[in-house]
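S.K.: Could you have a look at this structure, given as structure tokens, before my questions?
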Amino acid sequence: MKTNAKKIIYRYSSLILLFLFILIASIFAENFFTARNLTNVVRQSCVLGLLTVGMSFVLICGHMDLSIGSIMTFTGLIAISFGTRMPAGAAIACALLAGILCGAVNGLIITLTHANSGESLMITFGTQLLFSAVSLLYTGGFSLSGSESDFYNALGTGSIGKWLPVPVLIYIIFAVLLWVLESKTSFGRQMHMIGFNPVCSHLSGVRTGLVKMVCYCISGFCAAAGAIILTSRTLGATPTAGVGYEMDAIVAAVLGGISLSGGLGSIAKAFVGVITLSVLSNAMNLFGFQSFDQSIVKGCVLIAAIAFDVWNRKQTV
Amino acid sequence: MSTDDYILKLDHIEKSFPGVKALKDITLHVKKGEVRGLVGENGAGKSTMMKVLTGIIPMDSGRITIDGQAVSITSPLHAQTLGLSIIFQEFNLVNSLSIAENIYVGRLPKKGMRGIQWKKVHEDAKALLNRVGLDVDPSARVGSLSVAGKQMVEIAKALSQNSKIIIMDEPSATLTDKELEHLFGIIDDLKKQGVTVIYISHRLDEIFRLCDSVTVIRDGEVIDTNPIESLTKELIISKMVGRNMDQEYPVRAGSSSDEVILEVRDLCRKGVFEHINFSLHKGERLGIAGLVGAGRTEIVRAIFGADKLTGGEILLHGKPVTIRSPKEAISHKIALVTEDRKTQGLVLESSISENTTLAALKKICRAGFVNRREENSVAAQYVETLKTKTPGTKALVLNLSGGNQQKVVLAKWLYTDAEVLILDEPTRGIDVGAKYEIYQLINQLADSGKAIIIISSEMPEVISMSDRLLVIHDGKCKGELTGDQKTGENIMKYAILEEDA
């Protein structure tokens with residue numbers, strides 16, 4: 001009996017945590033549980049959500065992508081600056097393509113060097129510096145003001161009807177498609193198996209390099225999608241817009257129950273993690289926490305979540 | 001004979017691991033100043049014995065007496081203070097430190113507040129190096145020495161601790177002939193100085209060159225100890241392998257055909273193996289024997305595309321093919337059951353179903369989507385035919401026993417419809433019942449026309465479960481044995497003896 005209860009707690013730990021945060025926020029922040037605030041939470045979680053969903057692919061196959069924040073900056077600049085010269089749709093396509101290319105650079109280096117999890121962390125740390133330097137060079141350090149296209153601006157700020165913001169719709173479409181890819185296809189299966197045991201997967205004929213490469217491309221693609229929504233919402237692109245997003249994405253993924261050691265995790269979990277972190281951030285805003293205080297809380301939550309994951313895995317193995 | 005003549009006495013040592021009795025009633029007495037050879041097959045219990053003797057693992061029962069005093073050894077460091085040193089195949093030296101520092105590591109002489117007495121350290125180290133005949137500056141870094149030089153430093157380290165007994169585990173494995181001669185000279189000197197040496201080796205030539213007496217170990221038991229004069233190489237080999245092979249192995253019904261499926265010509269991987277030639281027939285069980293480290297695993301890994309070849313040709317059904325990756329090998333209908341089941345053969349944290357279909361995922365996919373229902377029914381079929389004991393196909397492989405895990409690995413490769421099945425140590429760490437079932441399965445597969453390669457360190461297994469046998473030694477194919485020639489003696493002859501065999 002006791003072990004069963006334990007198992008249930010492990011299994012639904014991230015949902016329990018989310019519920020707990022909502023409960024605390026509802027009790028202590030009087031304007032948390034209002035329709036307006038909740039829409040806001042969901043609307044603001046879209047950019048982080050896209051990044052986290054992409055990052056999850058890399059995490060599940062046992063790697064790490066620290067470069068998504070700077071990919072987001074870079075592709076945001078491309079979307080905005082190309083938008084002045086071509087139709088919004090074409091600029092968006094260029095930005096998404098640039099995101100995929102950045103991901104491909106990561107994937108290629110990691111595949112060619114046969115990097116392990118820790119090495120991929122450092123490699124993407126390197127490309128993070130690289131992409132943000134390119135962004136700064138590209139703009140000379142200046143910010144670009146927003147797009148003049150109504151279509152482009154609607155992506156971040158528009159609504160369908162009264163209650164469905166466009167960015168939320170985009171996020172949900174992305175999340176569902178990627179959830180199908182992750183949980184239903186042979187590609188998704190191979191990705192999980194590589195995360196658990198890359199050596200066995202390779203010896204069983206899985207093209208581990210190719211799968212990892214695609215995962216990094218998905219991560220880059222999602223970062224670009226996030227960049228488009230962010231630049232649309234904030235009406236401009238700055239060469240530092242994406243700073244810190246990679247860490248938030250990791251925190252969200254871990255809160256959702258995606259293991260940093262690979263294999264375990266799903267897009268559904270990433271989804272839950274994003275909402276959890278958004279609720280937490282929103283609650284802290286309502287409580288009037290300053291940004292430094294928020295970082296302290298986020299840091300502690302991340303460490304606690306990782307400790308729980310490590311401990312949890314030791315129980316099962 | 002008075003007890004004082006024996007410097008080291010082991011009496012009735014017993015050691016069990018879960019499921020295995022590693023040492024059974026080991027009794028071994030070694031005289032002062034003697035050079036004792038210790039020989040036995042892979043897994044006979046030599047290294048377990050040495051680990052017990054140096055306190056790395058505790059023994060279950062028995063008594064160890066050093067120099068007339070009963071001792072209970074708790075750690076290698078403790079063993080050293082008792083005058084017992086062991087030099088392992090892998091050296092315990094720090095490459096970035098000097099020779100003198102390595103010899104005295106952890107116990108550099110200090111004098112009050114003035115720190116380490118470096119002068120004394122270097123003088124003493126120099127004297128020790130002279131004693132082992134190594135003419136180098138003791139302040140030189142160990143990393144700059146050759147393998148032989150490092151071995152001398154290990155011996156000097158043992159001497160510095162006033163070791164009365166030095167155990168050498170396969171010291172010759174990495175030495176050239178000239179370095180070996182030098183080592184023999186040192187051992188002769190040690191003997192004159194009254195130091196006792198226990199020399200573990202596979203190489204019988206060295207045993208005959210060095211040892212006063214030889215102890216043979218087999219299956220965790222001391223077979224006997226004899227003075228070297230009364231022994232011959234053949235006699236030692238027969239003592240090493242001589243065990244009865246009765247009902248452990250099922251006899252296959254069919255026989256191999258003449259149709260050649262796989263042929264390899266002149267396969268080379270630089271520095272690992274060279275000039276490997278053999279052919280494999282439909283329905284044949286080809287055994288590959290040899291000592292651990294002889295290059296058996298490396299050869300099949302290269303055929304499977306897991307390692308690169310530097311030369312040679314692989315032919316399937318008479319047509320040359322290039323295999324650059326396991327994926328290509330699988331598409332050529334080759335399967336490899338690796339020797340390390342847990343790290344290379346299985347995804348432990350996954351279910352039986354997911355492991356079963358991993359190497360042939362396409363077969364249960366429609367337009368890239370995994371058909372889970374079909375996957376589970378495939379896995380359930382293999383669970384039934386291979387008699388895998390599990391609560392269900394969704395159980396994690398992690399929770400299965402060794403034998404059942406191996407059945408999942410076999411199911412994975414059978415599902416790829418491979419024609420050539422390479423089995424590297426297919427029954428390692430598996431209980432007797434499951435072993436028999438796996439043997440039966442191997443025979444059924446051969447009878448159904450699969451071509452099978454079996455690598456095994458267990459000699460009775462590789463003899464009984466093969467129709468033809470290759471013996472690999474030092475990366476070269478030393479002999480091919482068929483029918484009545486497949487005996488433990490013949491394998492050992494090829495696997496151990498030098499060129500003169």
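Residue positions begin at 1 at the first shown residue.
Including glycine, each Cβ sits where the backbone N, Cα and C put it.
Keep in mind the model is a prediction, meaning the values are calculated, not measured.
Pulled these features from TrEMBL for this protein:
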TRANSMEM  A:12-29  transmembrane segment
TRANSMEM  A:41-59  transmembrane segment
TRANSMEM  A:66-84  transmembrane segment
TRANSMEM  A:90-109  transmembrane segment
TRANSMEM  A:121-140  transmembrane segment
TRANSMEM  A:160-181  transmembrane segment
TRANSMEM  A:213-230  transmembrane segment
TRANSMEM  A:250-280  transmembrane segment
S.K.: Verify whether three or more Cβ pairs under 8 angstroms connect the transmembrane segment (A:41-59) with the transmembrane segment (A:160-181), leaving out any pair fewer than 6 apart in sequence.
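M.R.: Counting Cβ pairs under 8 Å (6 or more apart in sequence), the transmembrane segment (A:160-181) reaches the transmembrane segment (A:41-59), since there are 3 or more.
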S.K.: I'm a bit unsure how to read this: which one of A:12-29, A:66-84, A:90-109, A:121-140, A:213-230 has the highest number of Cβ pairs shorter than 8 Å with the transmembrane segment (A:250-280)?
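M.R.: By Cβ pairs under 8 Å, A:12-29 leads among A:12-29, A:66-84, A:90-109, A:121-140, A:213-230.
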S.K.: Would you kindly list the residues that approach the transmembrane segment (A:12-29) from elsewhere in its chain, counting only those six or more residues past its ends and only Cβ-Cβ distances under 8 Å?
M.R.: 255-257, 269, 272-273, 275-276, 279-280, 282-283, 286-287, 308, 312
S.K.: Residues sitting near the transmembrane segment (A:121-140): Cβ under 8 Å, six or more positions beyond its termini, same chain?
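M.R.: Distant Cβ neighbours of the transmembrane segment (A:121-140) are 63-67, 69-71, 73-74, 77, 81, 102, 105-106, 109-110, 113, 115, 239-240, 242-243, 246.
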